[in-house]
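Colleague: From Swiss-Prot, for reference:
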COMPBIAS  89-112  compositional bias 'Low complexity'
MOD_RES   Ser36  phosphoserine
MOD_RES   Arg85  omega-N-methylarginine
MOD_RES   Ser86  phosphoserine
REGION    30-119  region 'Disordered'
MOTIF     36-42  motif 'RNMT-activating domain'
Amino acid sequence: MSDTSEEIPNFEEMFASRFTKDDKEYQEYLKRPPESPPIVEEWNSRAGGNQRNRGNWLQDNRQFRGRDNRRGWPSDNRSNQWHGRSWGNNNYPQQRPEPYYQQQYTQYGHNQRPPYGYY
């Protein structure tokens, strides 16, 4: 059997001067002027503002309409399925009364909790 180290090229020797002064191809590359970066003009003009990736949402999702052409999944009957039924215990008033610490609460800032004794 022959020695495999003789058959395999020595890459350490082949690339010893790679990316150095002795590498002519690399030195030619360094002499080139830098390329300008790609510029994408008007990348947000179609959607505008905070509407990215919406595009033609209604037109693209026509297959999701039900029989009555409402938006949603096919045969979407969620709006009339629970009509007239209450969702659990409906004894609570719709609007909660103002908390008694409202005047003290405002002095602590918008999203801060009042001290422990106020609630």
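Every residue gets a Cβ built from N, Cα and C, even glycine.
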Colleague: Across the motif 'RNMT-activating domain' (36-42), what is the average pLDDT of the model, as a whole number?
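Modeller: A mean pLDDT of 87 is what the model gives the motif 'RNMT-activating domain' (36-42).
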Colleague: Within 10 Å of the Cβ of Ser36 (phosphoserine), how many other Cβ atoms can you find? Include all protein chains, please.
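Modeller: Cβ-Cβ neighbours of Ser36 (phosphoserine) within 10 Å number 6.
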